[in-house]
Amino acid sequence: MELHLNRVDYVQVGVTSQKSMRLLPALGKKATQKVAIADHDGILTCFGMKKGEAVPVFKTLPGQKISRMDLGGAPGTPQEKIFVCSGSQVRGYTKKGKQFLTFEANLTESINAMYVSGADLFVCASYIYNHYCDCKDQDYFLSGDKINDITCVSSEKLPHLTPVLACQDRVLRVLQGSTLAYDIEVPGPPSVLELYNKDAGEEVLYGTTDGRLGLVQIGEHSAVAKWEIDNDKKKGGILCVDTFDIIGDGVNDVLVGRDDGTVQVYGFDSANEPTLRFEHVLSESVTSIQGGCVGRESYDEIVTATYTGWVTGLTTESQKTEAGAGEEFRMSKETQSKVEALRAELEQLQGKVLQGREQYQQTTQSSTAVSAVPVFNINDKFTLCQDDASYSLLEVQTAIDNLLLQSDVPIDLLDVDKNSAVVSFSECDPEQPNGNFLLATYRCQANTTRLELKVRSIEGQYGTLQAYITPRLQPKTCQVRQYQIKPLSLHQRTHSIDPTRPMNRLSLVGQFSFAEIHSWVVFCLPEVPDKTPAEDSITFYFHNTFLGTQLEATYCKGTAHFHSDNISTISILSDVLSKEATKKKINLNISYDINDDSVSHTLRMIHPKLEFQLLLAKKVQLVDALRELQVHEGNANFLIPEYRSILDESANLLEEYKKQPAHLERLYGMITDLFIDKFKFKGQNVKTKVSSLLEILDNYDLNSLLEFFQDV
């Protein structure tokens, strides 16, 4: 079934957080709904639509940043009371804007997730979960990793309201009172949870930061995974999810909002499998999504809130007036009045801008002038993408003028199709003290608020990447964001590893505390919680997103063991942990157990990537010559099929090659490091034989390479 939706922009408020916009229940079956939205200025705005205009119902005074919103009410009644959280405080408002609740949760950190059900209030800070009933403390739970979202399952099959926490370590934790009932492993860090059936049901939808969507059925003692959708098209991470029958087939569809601005609708086929039915791309990340009826009675729509505060509807109502043959296009009176109102508002705003500029000029020239730096919000992330082993960032509240990237370690900038900014590189001299390996400037087009960048680091080389963001604001101002490039930056947390692989072991024994060894692991590896675990010992599993090798880290007070099928990983850990211990003046007893079979195993894992890149490079070298021959001869019929296929695929080949800068050199570097590290553990220095290794790589053959590693 085809779904056609038309975009309508309603209002703009301040910068918004995830899940901070809701539709209030409709008063009648086909009546329009009011929209409540909260922003970082601390303002809660509620508005409805009347004759195509947004009419405010109420608006609160500015205050502390509002981080989350939920609707509640007595069980069995319309859920029309609005609850918002700012810092560690929860406030409640009626649908007309009267404040009836101010509750201080007394948390040391700000609330970042909330769920309301009747008299029950569930709130989460970074690692802490609290349950209150009638504002009295009920349950408490300390999570092993950061909590991103919470929902509660109520069902006849479950004896009580069951909280489900979405945690950063790729786990959904199901609680029973103050204890962990069980956990559910999911394929990525879950960022959002939503009940599939809001009235009652045990099915929970989850979205992940790497763009996957899934449904799990929560039971009393275990859960069942119903379905999961991979992010094959490399869309952004999921920030918000809702369920609503927008298609009109009697089955709730899944509405998804992503951090790259993509809005998606998944319907269900006859086999009850989710199928993509609609997709629309907004220019900013979608922080909230709701299904309902806002613009006009009887016309369903998807209402979204974006990062910079735009409330937008994707409605089933047609927005175009079709003119018949030979007829002139005529606007309706309603549309004409809208256009006139917009023109008047635009003139008014232009007048205010001119007046503001004049005032600013006068104040800057006066003897009592005080410089004021304009404040602007940045929504950035630095997360590892599993598919191409790259990190991506960032979004700004206002239009970006330019962005400067500076790095003191070697990194590659990868091409991003959606990125329209012009990039230029400055020469760097890494040999200088505090020298740079990268200086790149992105000059943005007008009204660019979102800039997607992809960078790939080299494992073993760690330092800092800095982004200097300059918006189109007067007076000129700039914000600096820093991102740590970790020694094992291409590793990602996973739930388990393959025990059959040949593994190398690194063991550390010394007078270090559990907190100290944990801080060293946090320094070396991404996706490890900053907070020291509550247990006496901990085990983490990782896999390398670029090569597919694996790592197991088990440590406690005074002892740490690391197992990996890649000798280079062990070598990097050994070097970095030794340096960190030396800084703290802690003596370490370091021992190794090196498995020679792991070298050939790692080379075989590199083999498909290396073979593909060498073949790609050869084909790309032939493209220009084959095109010249084709122009000279008038056609390509005289070429053998292999060369004809290269010509036919030339555009794709060049695009693929362009996407992988220094890819071949990166693989050469990994093999060279593996070669040096293998013999380093045997006490041999083989750096003089690297030139012979590179010759073998230039005339690559896997067997010859394996023999070279054995013969030296």
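Count begins at 1; order follows the chain as displayed.
Even glycines carry a Cβ here, placed using N, Cα and C.
The coiled coil annotation in TrEMBL covers 332-359.
Mean model confidence for the domain 'BBS7 beta-propeller' (21-316) is a pLDDT of 90. Residues or ranges marked as domain 'BBS7 beta-propeller' in TrEMBL: 21-316.
Here TrEMBL flags 374-483 as domain 'BBS7 GAE'.
The domain 'BBS7 platform' annotation in TrEMBL covers 491-593. For the domain 'BBS7 platform' (491-593), the number of residues in each DSSP class (helix H, G, I; strand E, B; coil) is 28 helix, 38 strand, 37 coil.
Per TrEMBL, domain 'BBS7 helical hairpin' is recorded for 596-709.
Under DSSP, residues within the domain 'BBS7 helical hairpin' (596-709) fall into helix, strand and coil as 93 helix, 0 strand, 21 coil.
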